Structure formats: C-alpha cells, structure tokens
Amino acid sequence: YAFLNRTQVNIYIYFHIEEAVEWPGLDLKLGQVSGLALDPENNLVIFHRGDHVWDENSFDSKFVYQQRGLGPIEQNTILVLNPSNAKLLHSMGRSLFYLPHGLSIDKNGNYWVTDVALHQVFKLGAHDKEPLLILGVALQPGSDRNHFCQPTDVAVDPITGSIYISDGYCNSRVIQFTPKGLYVMQWGEETSLGRARPGQFHIPHSLALIPDFSQLCVADRENGRIQCFKLETGEFIREIKHKSFGRELFAVSYVPGGFLFAVNGMPYPGEAEPVQGFVMNFSTGEIIDTFIPLRKNFEMPHDVVASEDKTVFVGDVHARAVWKFASLEKMEHRSVKKAGIEVQEIKESETIVEARLKNPESTDHLKKQEKQHLVQQASTGVSFVLITTLLIIPVVVLLAILLFIRWRKTTVYGADGEHKLDSSSGRILGKLRGKGGGGLNLGNFFASHKGYSRKGFDRLSTEGSDQEKDEDDGTDSEEECSAPPPPSAPSSS
C-alpha cells in the first residue's frame, strides 16, 4: 500500500485455481494413482498400480516385498490422455511393474519411473516395450551406489542430461547419475531428533528440477517442507515451509515463469490444516493460492503436475482419481478516492504478473520502477500543498488587515467617538426623515421628484442596522480557514 496526498493506492494480484468440472477424466477407472507427468506434446501421462495395492502386508521389516506371488501388474500401468477431453491416446507398461510410484518425462519424451517393490528405476521409450535403462537390483533393497530402498521419484536435467533420484522411504538421500547411469554423488541424511536440519530428509518423496535457477527442490514429506539444493554440488540453498502445509508435504512441481505447485497430506487427529493444493511464488516461497476439488474430495493426493498455462493435474492414490484444475489470473492496480484525489483503475496483463514472479532480478527492477513512480507522485503532492499554501496566505493577510483596522477604530475614537458618530448620523438622518415619526420614507423622497410615484414604497426602519452590520463584520472576522494537514509414523504409498 502507498499513501500519497491522503490517497490510498492498492495493488491486487488475482491468481485462483479452480477445478475444471467439465473434464471427464475424473470418471476414469484407475488403480492407485501414484505418478503424473506431461509429455513434450503436453499430453497427460498417468502412472497407476492397476489391481495391486500397497498396504501393511506388502513389505517385511527389512523392506523386502512380500507379494511376489501375485506377479507383475497385468494391466497397462502407463496411460497417455488428451488433456482436454481425457481421451486415451496410448497405453503401455503391462507386466513390467509390481508397485509403481514416481513418474517424470525428459525433454526427449522418455519416461522415467520408479517401482518401490522392485527397488528400481526405469527409463522407457514412449513406444518401446523394453526398458532403455534400469538402475538398481530387482527386489533387493540397499543403500550403496548400486541399490535403492523404495525409490520415490526421478528428475532429469534438460541441459546436461544428469539423472537425480530421490531414495526414498527407507533411505534419506538424493543420488546423481550421469545420463548413462553412472554414479556421480549423493547427499542427505536421516532426520535427527527435534527440528529437522537442512539436508536432512524423512522420506524425500518428490522432485522438481528448476533449470531457470539450476536448483533441485525436494518434497521432504514427513518433515512437511520443501528443500532446494544446487544442482552441481547438492549444496543446501533454502527451505520453504508453511503452517498450512501441515505435517506432510507429498509432491512438488515447477512451472517456468516462477511458480511452484504442491499438495499436502491429510491432517493428523486433532489437527486442523486441510488437505489441499498450493500455488507458490518460487522466488519468495509465498503462497499465492490454495485449491481443492469441487467433485469428490482429496483423500491422499500423491502427485501434482502443471503446464505453462497453469493447468494443474492432481493424482490421488487413495481416491484412485485424477483432477484437472484451471487458473484464472489477472492483476489490478486500483486506487481509493480520498481528499478529492482519485487515481483511475488500471488492469495489467498476465505477463507483468509472470515478470514479477520469474526471478529476483526482474522483481528488483520492477521495485526500482515503482520507487521512481512513488517519488514522482510525491513531487506532485508537494506541488499541490505549495500551491494551496500560496493561495491561503493572501486571504489570511487580508483578514489580519481588516481586524487591525477595526481595532484601530475602536482604540482611536473610544466610547465618546462612537457617541459623536452616532449623533452626527442622527442629525443627518433627521434631515431626511419626514413627519411620519422617525422613519426614512422613500415614497416621499422619490415623490418630490417629477415622474415618480409613491406607489409600492414603504417606510424602511433603520433600527438595528448597526447591530446587523456589527454581526456581519464579526462573522467575517471570525471565519476559520484551515490548511490541509501534511501527508508421527509415516504412512506408505
């Protein structure tokens, strides 16, 4: 808010996400939805578990999968949909996976998926039946360079091709590999007792790579926060954490232009923070908007993905559903009229909103422009006050002169002077008075002149005329002229 010349100027940014209730994809028959992504053509890709379910019987205490007898999922676990009408365009992934989890797509359209039962990471061509690359050892959990323990997600650098894997439910680390799958480095450790420190994880559950800033952001699920690191070194940069996240933050996604999207988990008993989606300014971490579905309810939203036009998809592992959300955004610059000064409403385009969110440098540049604009408005305000003051000064001086003359008259003549003036006035008026008892008869006066008639004239009494004059003078002398004032145990899935 800026206050200039008693005028309040407000700037409002409207960015609201609402469910696209006409989208038919919510009615698809799916298994547990664990992963979502958008391919280079902006089609929606869903990774689901078919007829397999992750429950308390799925693993033993050493994280070894206990339901191998079921065999791999016989349904196609990867579905490609038209994002507008949810029409199925392509499907694959039959008889490959046991418990699907994370999904991402690189710039070349390759699918990168994780399987928590197999403890492996797969690279798949969009139309290939066999994996192009497999990392990890099937059905063998571990924590060395060649093993994973329930890996959760993958992110691929579009510039270098480097592979980043969050590992996972029973490891607390992020591992970097070369494009060919060779180990490079890792970072992260288990969360210590008390407040979680930077670089500590309690289920690194989802990854969002931010190429604009060379950062990798991690949804640190059970710590209810987002941690961001340098891609090249794994060095901690910052944490994004809000009370409205609650205890769990399941997934995070980035959209070029400066927006982060996230979904949290169901509140624990006795807690009030609702399960919902979040839109954030990446540069500041500030929450711009929250959103919930209108049809059905979130139960355990597990993944979120958004396009550059701010279309958002959320997949729920318990509701076995995918929602589509659309954005309504605009920016208004509106003033409130005060003290007779009004600034007209100005609407700015979406590009300005994005420029303010894209990076800190553009934000600083806009702030400098706003400061210059405020200085110009302040100069205008000073000019207005100066002109008003110059107009008031002559009025004040005139009033002072009139008061001085009246005071001098009273001082010089005193009471006798006033009596003499009254007597002289009486003698002069007496000559003008007629025989009609002390009044000034304008009829007789004008009748003495040829061509005038008395008709329509009455006597005008002079009684009280001095008092009326005094009251008028007094009213003038007492007129006020005011100048304006100065300016718990984590769940699986």
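In case you wondered, yes, glycine gets a Cβ from its N, Cα and C as well.
Since this is a predicted model, take the numbers as computed values, not measurements.
Residues near D303 (Ca(2+) binding site) in space but far in sequence (CB under 8 A, at least 6 apart, same chain), listed by position: V33, S34, G35, L36, G102, L103, S206, F250, A251, V263, V314, G315. Annotated Ca(2+) binding site per TrEMBL: L36, L103, D303, in sequence order.
The number of other CB atoms found within 10 A of the CB of R49 (protein binding site), across every protein chain shown, is 25. Summarising the annotation, TrEMBL assigns protein binding site to R49, Y169, R221.
The Cβ of H101 (Zn(2+) binding site) has 30 other Cβ atoms within 10 Å, all protein chains considered. According to TrEMBL, the Zn(2+) binding site annotation covers H101, H205, H302.
Of all Cβ atoms in the shown protein chains, 18 besides its own fall within 10 Å of the Cβ of C170 (disulfide bond). According to TrEMBL, the disulfide bond annotation covers C149-C170 (among others).
Summarising the annotation, TrEMBL assigns disulfide bond to C217-C228 (among others). Within its own chain, C217 (disulfide bond) has L207, A208, L209, I210, I226, Q227, C228, F229, I240, V252, Y254, L260 as residues 6 or more apart in sequence whose C-beta sits under 8 angstroms from its own.
Feature annotation from TrEMBL assigns transmembrane segment to 381-405.
The compositional bias 'Acidic residues' annotation in TrEMBL covers 468-481.
Annotation comment: TrEMBL describes 483-493 as compositional bias 'Pro residues'.
If you take the CA of R221 (protein binding site) and look 10 A around it, the recorded positions you hit from H101, C149, C170, H205 are H205. Cα proximity to R49 (protein binding site) (within 10 Å) is found for the following recorded positions from H101, C149, C170, H205, H302: H101.
The 10 Å shell around the Cβ of L103 (Ca(2+) binding site) contains 25 further Cβ atoms across the protein chains shown. In terms of Cα distance, the recorded positions that sit within 10 Å of Y169 (protein binding site) are C149, chosen from H101, C149, H302.
Sparsest Cβ environment among the recorded positions L36, C149 (other Cβ atoms counted within 10 Å): C149.
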